[in-house]
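Visitor: In case it's useful when we look at the structure, here is the feature table from Swiss-Prot:
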| type | residues | note |
| --- | --- | --- |
| ACT_SITE | S122 | active site, charge relay system |
| ACT_SITE | D137 | active site, charge relay system |
| ACT_SITE | H159 | active site, charge relay system |
Amino acid sequence: MTINALLLSSSRVGDTPYLAHAIPFIKPLTTQAQKWIFIPYAGVSMSYDTYLASVVMGLAELNLDISGIHQHPDPCQAIKDADGILIGGGNTFHLLHELYRYNLINLIREKVAQGTPYVGWSAGANVSGASIKTTNDMPIIEPPSFDALKIVPFQLNPHYSNYRTPGHNGETRAQRLLEFTKVEPLTPVIAIAEGSALWRRDNTLVLLGENPAYLFCGEQQEMLIPIGSDLSHLLK
């Protein structure tokens, strides 16, 4: 089977409606997948039912059968029965903590490797990488490990922007990612701007969307990746 995974930087771009910009990206993954399971564990500041309702509404035009994993008595069985997997944004630490809590890490990894389509945005994209060490989120809870789903073998940083607010003296995002590359100089980080996504199809990886991404790896810092770039070499 072929890995088919879409890793979105965000659920919105600019002032567009929730998930509206992502519909054209998600649609090709739904041609043979009707029954989807949504994992809302990153949504700490809202109820899981509220989160699910927003996703169902946002993706309504795709006519998918979407249920929340929290609605199922057996989360593992829900993953096994699903045609596709959706993981939303929020707090990456809480998301990963719950994936470990319910023993879903290896199961999701295996399902995706067997061809089950995967769509993740923001935190849902973060956990698709090798680890969550390059998330933007506050560590509000400690997962058993930072190791993540490893759908792609590198690091991700969604919502990327290196804007510095005038008068603000904190580190920029690029400076934070430089810190990671000093500790792990051989591990690439792909920083994805809002409105863009990575699409992995088996051994191919391409950048989709309207904004470029950036590569951080060792001495390479904030190297521009144009839209449409073939990044398949990063899968090796």
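Positions of Cβ are set from backbone N, Cα and C atoms, glycine also.
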Visitor: Could you give the Cα-Cα distance between H159 (active site, charge relay system) and S122 (active site, charge relay system), in whole Å?
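Guide: Approximately 7 Å lies between the Cα of H159 (active site, charge relay system) and that of S122 (active site, charge relay system).
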Visitor: Can you tell me the CA-to-CA distance separating D137 (active site, charge relay system) and S122 (active site, charge relay system), as a whole number of Å?
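Guide: That separation, Cα to Cα, works out to 10 Å.
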